[in-house]
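Chemist: My questions all concern the structure below.
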Amino acid sequence: MFLAGPPSHSLLRLPLLQLLLLVVQAVGRGLGRASPAGGPLEDVVIERYHIPRACPREVQMGDFVRYHYNGTFEDGKKFDSSYDRNTLVAIVVGVGRLITGMDRGLMGMCVNERRRLIVPPHLGYGSIGLAGLIPPDATLYFDVVLLDVWNKEDTVQVSTLLRPPHCPRMVQDGDFVRYHYNGTLLDGTSFDTSYSKGGTYDTYVGSGWLIKGMDQGLLGMCPGERRKIIIPPFLAYGEKGYGTVIPPHASLVFHILLIDVHNPKDTVQLETLELPAGCVRRAVAGDFMRYHYNGSLMDGTLFDSSYSRNHTYNTYIGQGYIIPGMDQGLQGACIGERRRITIPPHLAYGENGTGDKIPGSAVLIFNVHVIDFHNPADVVEIRTLSRPSETCNETTKLGDFVRYHYNCSLLDGTQLFTSHDYGAPQEATLGANKVIEGLDTGLQGMCVGERRQLIVPPHLAHGESGARGVPGSAVLLFEVELVSREDGLPTGYLFVWHEDPPANLFEDMDRNKDGEVPPEEFSTFIKAQVSEGKGRLMPGQDPEKTIGDMFQNQDRNQDGKITVEELKLKSDEDQERVHEEL
């Protein structure tokens, strides 16, 4: 509709009747017919029987006007009508191209105003008349409606109807814009609208794709802004008009809503909305990130949101898994940061768009909240919060049995678990695969009473799948306090001696000297060794269960009693196994 090239065909203008183009000197001023009051008319009588509420400008001498009219005599007989020819009068007023009465009668007129003009003979065709059409001394009656007015000195008129509070950028020459429009003639006659086409009008500004007046009228617009643009004919379709919908010499009125604007040279625009304190690391290419987002077009239309799915978007950044603009826009972010990322279409979904929510050539705006990120090469981050004041000679190591309190949360502060809910410390044997690998690592090297903060990447926690209450690929934050530690036992041992075992071990166990050790005698003996400090059981388990397991291990034939042949120390068993393997 707005191409500046030649239209497919032009409206043909029929020649105006000579009675409106001929300038006749009034002859015999006193020969005019009587006025309504009974005397001769001295001037044009103007009856303004319809005046529009809005009148941005009035006809002045030298203006170019387009109007319709019916011309009649005093008795109501029609002598001429532009309606009959279906052609508007298009002419400059006040320069002698019309009869004097018409020139005077059009002055001060508004677009869409209707007037009844009574033109006396001396301001019409005088005592001569017009042969075969206008008799001598005829008073002429005209019903006129003005449809357009402009002047060769006019420029594009721009009125801002609505300007959004936030204007990230304004239209400049060379920009690509998407906008909606309603196009009308100056009298309000509609000739085109983008809303009926199911899409915006998309084009470059200042590159010859648009009529000159539209090129000018769009400059300086903000996305979401509404404007009224009035374009004179010489900056629109001029004296030829366009097709059957825009007549020659027509002023055009456009109501514009700018949807978005970008330039092919644009890059991703970043705006930090909230930056958490203490950002020690920023995301880089290759990191795996979890984030929430709201995605909208430049006019504010929401097209997608992770919040609506109650799930973060999880992906690697900088590796081509997401659109290039988002890949760029997420790098350099901090955990917990909120940022706005504006992405031009050539770094998003391009000229074709995607689906039914992102149109072609659309600028995308993402409001992002970074929940966490990590790298597959990350290790556990350990930060000591406090240490006991007394000297710490022993720290936790693999195999130790430890008791500790903990609070576990996501990096955005979401609380997941706490040992305080159970009223007792958590217990674990380090290195026994009883806790996640990252926590196992973070608890090593601690003093009793020490407090630490641990940041555990998902590959050392619950991985991509997560766990009950833990999202997939989540980085976990632990605050741990070591309550106690005990030396653990070597792998495979349930009991160890603090000194050499008794030389006559079986005899000491066999209290009634019957050559058999039942479970009761075995349990009594082991408990006595523990109470006397001669040995200790595996920590962290029910002693009765541990002793029961020890008995089962020694009762080789599972007959409910241990004989001297069955009783063997684990160290002896290990030595025998080595010889067997050799």
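Cβ coordinates come from backbone N, Cα and C, glycine included.
In case it helps, TrEMBL gives these features for our protein:
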type	residues	note
DOMAIN	62-150	domain 'PPIase FKBP-type'
DOMAIN	174-262	domain 'PPIase FKBP-type'
DOMAIN	286-374	domain 'PPIase FKBP-type'
DOMAIN	399-486	domain 'PPIase FKBP-type'
DOMAIN	497-532	domain 'EF-hand'
DOMAIN	542-577	domain 'EF-hand'
REGION	533-561	region 'Disordered'
SIGNAL	1-26	signal peptide
Chemist: Below 8 angstroms Cβ to Cβ, which residues of this chain, lying six or more residues outside the domain 'EF-hand' (497-532), approach it?
Modeler: 543-544, 547-548, 550-551, 554, 560-564, 567, 569
Chemist: With Cβ-Cβ distances below 8 Å as the criterion, list the same-chain residues six or more beyond the ends of the domain 'EF-hand' (542-577) that contact it, or say none.
Modeler: 492-495, 501, 505-506, 509, 515-519, 522-523, 526-527, 530
Chemist: Quick check on the domain 'EF-hand' (497-532): DSSP residue counts for helix, strand, coil, in that order please.
Modeler: 18 helix, 2 strand, 16 coil
Chemist: DSSP says what for the domain 'PPIase FKBP-type' (174-262): how many helix, strand, coil residues?
Modeler: 16 helix, 37 strand, 36 coil
Chemist: Please count the residues of the domain 'EF-hand' (542-577) that DSSP assigns to helix (H, G, I), strand (E, B) and coil.
Modeler: 20 helix, 1 strand, 15 coil
Chemist: From the DSSP assignment alone, can you count helix, strand and coil residues within the domain 'PPIase FKBP-type' (62-150)?
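Modeler: Result for the domain 'PPIase FKBP-type' (62-150), in helix, strand, coil order: 14 helix, 36 strand, 39 coil.
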